[in-house]
């Protein structure tokens with residue numbers, strides 16, 4: 001492995017064997033990166049498979065030529081890997097979490113809201129249907145009551161036939177049509193909102209992902225540029241070259257006296273500034289985690305409400321309605337004459353009308369087309385949880401990722417590393433003299 005890395009980090013291969021070894025290394029790297037690039041475009045960014053394949057092949061060929069022919073490009077590409085463990089990598093992971101939430105969680109929430117609306121529509125339709133059917137009962141009551149009055153009276157006192165006639169049943173189809181149109185309108189509006197949100201977030205996520213990838217390359221290039229041109233940049237490590245230089249000049253005590261200000265690149269010690277930066281980044285990740293948990297909680301809440309609505313609607317029993325009519329009447333016979341002669345008036349008593357009618361109001365029916373509620377996908381929650389675990393890991397590993405970037409740059413440009421070690425040694429010497 002040390003020999004392969006030495007061949008990979010050399011500016012120019014020494015012979016044909018090293019040339020072929022470099023080509024095989026670059027080929028293996030580009031094959032792996034091309035596969036990951038295809039999966040990222042097709043699965044995460046949701047591009048079509050033929051576009052993803054074409055982009056992956058083109059990117060792999062371009063990357064192969066660049067790595068094989070350009071020595072600084074190999075250094076920049078090698079530093080991109082540990083840079084994924086810094087804030088730029090976290091931005092890509094945040095973008096992936098947002099995409100997972102939009103593609104999987106948001107449609108699930110909208111689907112459960114649709115189920116709730118279907119339950120409400122079913123209850124409204126069946127209750128209105130049952131209410132309209134009750135008019136038939138009222139019509140029956142009116143006819144029976146009218147017939148009873150006709151039969152109870154004598155022909156001389158027989159009233160005119162005044163049965164009630166109900167025409168409301170003729171408009172039931174219009175009511176059903178209006179309710180159906182209202183339900184269809186709500187469904188179309190929900191579908192349009194779902195498509196708009198999904199498309200908008202998909203486009204925004206694609207733009208953000210492309211920007212983050214370009215910025216990732218830019219940050220690695222910027223680090224390499226500062227490493228090669230600025231001797232003060234990221235130069236506070238006790239490296240092996242600095243130790244060897246101090247031992248050769250019999251100044252090892254400089255490193256001991258400066259141990260509080262200098263750290264070893266391979267050690268686990270963190271400076272105060274690095275600890276504060278890690279805590280700040282951890283707070284930002286926590287805020288993002290809380291927002292994601294709110295979305296997940298909304299998904300569970302929508303499913304719980306939809307499931308409860310479907311179960312309760314299926315358990316709705318018919319509500320009994322009882323209509324009781326008690327009627328008793330008498331007809332006075334010429335009451336004016338009886339009052340003139342101070343005699344009590346006589347009355348013609350009708351027989352009593354006492355009947356009870358029963359009806360049932362129905363709120364739910366098996367004929368309603370209600371889609372079952374969609375439970376939250378546990379695999380989505382597992383993936384989001386793993387991504388946030390990685391995010392918290394990158395918060396505390398970003399310092400070591402930066403140290404790894406410096407080690408990569410030092411292995412690619414050893415002459416520059418010697419200059420930086422000499423510059424730091426002289427700085428320590430001047431500080432010690434003061």
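Glycine is treated like the rest: Cβ placed from N, Cα and C.
What TrEMBL records for 20-41 (among others) is transmembrane segment.
The transmembrane segment annotation in TrEMBL covers 47-71 (among others).
Counting residues 6+ beyond its ends, the transmembrane segment (92-110) has Cβ neighbours under 8 Å at 44-46, 84, 190, 193-194, 197-198, 201-202, 205, 208-209, 212-213, 216, 288, 292, 295-296, 298-299, 302-303, 374, 376-377, 380, 383-384, 387-388, 390-391, 394 in the same chain. Here TrEMBL flags 92-110 (among others) as transmembrane segment.
The domain 'Dendritic cell-specific transmembrane protein-like' feature in TrEMBL is assigned to 233-425.
The transmembrane segment annotation in TrEMBL covers 275-298 (among others). Taking Cβ pairs closer than 8 Å, the transmembrane segment (275-298) reaches residues 87, 90, 94, 97, 101, 105-106, 109, 376, 381, 384, 388, 391-392, 395-396, 398-399 in its own chain, all 6 or more past its ends.
According to TrEMBL, the transmembrane segment annotation covers 379-397 (among others).
If you look at the transmembrane segment (379-397), the same-chain residues 6 or more away from its ends with a CB under 8 A from one of its CBs are 84-86, 89-90, 93-94, 96-97, 100-101, 104-105, 278, 281-282, 285, 288-289, 292, 296. If you look at the transmembrane segment (47-71), the same-chain residues 6 or more away from its ends with a CB under 8 A from one of its CBs are 10-12, 22-23, 26-27, 29-31, 33-35, 37-38, 41, 77, 412.
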